[in-house]
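Since the structure comes first, as structure tokens, the remarks are kept for the end.
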Amino acid sequence: MSEQRKRLVGARRLIVKIGSALLTNDGRGLDLGAMGGWVDQLVALRSAGAEIVLVSSGSVAEGMKRLGWSRRPAHLHELQAAAAVGQMGLVQAWEWQFQRHGVHTAQILLTHDDLSDRKRYLNARSTLRTLLDLNVVPIVNENDTVVTDEIRFGDNDTLGALVANLVEADGLVILTDQLGLFDRDPRQHADAQLVSERFASDAALDAMAAGGSGALGRGGMSTKIRAARFAERSGAFTVIVGGRIDNVLPRLRQGEALGTLLVPEQGRQAARKQWIAGHLNTRGTLVLDAGAVLGVTVRGKSLLPVGVRSVTGDFRRGEMVSCVDEQGAEVARGLANYDAGEARRILGRPSAEIAGLLGYLAEEELIHRDNLVLT
Ligand SMILES: Nc1ncnc2c1ncn2[C@@H]1O[C@H](COP(=O)(O)OP(=O)(O)O)[C@@H](O)[C@H]1O
Ligand SMILES: N[C@@H](CCC(=O)OP(=O)(O)O)C(=O)O
């Protein structure tokens, strides 16, 4: 067994994501037989000491089937309606399958906003942790009813990675309709080769995933690679593997070389920093002078107003902003101690002047180093 595969042996907390194409048997409706098989495997993993969070797609595909729609609708409200109809079937089916084993499930519907807001993030995290402590299997999907185009995760690979980050999982297992990541899209190239192990950060992966998705899936392989890079930020590994491989999950956890294992290059970051790194949305940008870039990146210092040259965007205190150098390249992200208007008034000024300029002093730093993560 390779050194890297040992990461899977005995993994304690796993996120298992099952994609639409696989779950709905390429659009023919929920594949109840296959779902039963995965539940048997998940229950076996639990008996062997693993905690499991299931991220399940399939609500839109199942809703389309129930409504008799053969083509994915173009309008967002129709997609949302299909998702609302299909989600019922999805949770019903999972609930029923887990009940055969006497295991309780819980439905968790999340939007990106839930994970962008520090308070809601912490709430989602404690609910998930409580459910795991109670031996319940959380079943997560995107809350399609309320999301709009810009804030959609869009694919559940990203959602799976953010959930891995949220509960500090050891790994994310993405079950899909191919055996794993191939060096080219196997639907178009019969001679494509399966990739067994790589660093998640390996830039060569992007070209391999350029082929797009299947008819029902949203992201194809590129969102799975992106997810592996998100998961990496909390030190989690990702496996992309064929969900139809016999007894795939227990075999993976025993270290068998199935699918594609994408491993993190770096160690674990503190939980707060993980959350910051996992953010997709920033609300504004601070342009740092060269001294501030050096202070933040090399010396690990907080960002003081004196090192900021300009501020764009409209953010509130506590919101996420991007820090870029004078050429516009992002060097860090962090939570601002002042809103955008205040930041504009204090930029370039020593911290001793903040109270005089604003009439109060929240903090000496514009972003404290504990709330700053390098990108
Ligand atoms: N290099 C690649 N290796 C494997 N699959 C690829 C590759 N490039 C593109 N694909 C496509 O990605 C599809 C899986 O992604 P997707 O349709 O989004 O499924 P899911 O619903 O499981 O997320 C595969 O069926 C395949 O056609
Ligand atoms: N949340 C939606 C869409 C998610 C989706 O299809 O994602 P994926 O299976 O990752 O391609 C659903 O359940 O249908």
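FYI, residue positions are counted from 1 along the chain as it appears here.
Using N, Cα and C of the backbone, Cβ positions are placed for all residues, glycine too.
Just so you know, TrEMBL annotations are computer predictions that nobody has curated.
TrEMBL lists LYS17, THR176, ASP177 with the feature ATP binding site. The DSSP secondary structure for ASP177 (ATP binding site) is coil. Residue density at ASP177 (ATP binding site): 18 other Cβ atoms are found within 10 A of its Cβ, drawing on all protein chains shown.
As annotated by TrEMBL, substrate binding site applies to SER57, ASP144, ASN156.
Per TrEMBL, the feature domain 'PUA' maps to 284-367. Averaged over the domain 'PUA' (284-367), the predicted model has a pLDDT of 93.
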Candidates LYS17, THR176, ASP177 (binding-site residues) with Cα within 10 Å of SER57 (substrate binding site): LYS17
ASN156 (substrate binding site) CB neighbourhood, other CB atoms within 10 A: 27
Contacting binding-site residues, sequence order - LYS17, SER57, ASN156, THR176, ASP177 vs ligand 2, Cβ under 6 Å: SER57, ASN156
Rounded Cα-Cα span from LYS17 (ATP binding site) to ASP144 (substrate binding site), Å: 17
Count of other CB atoms lying within 10 Å of the CB belonging to SER57 (substrate binding site): 28
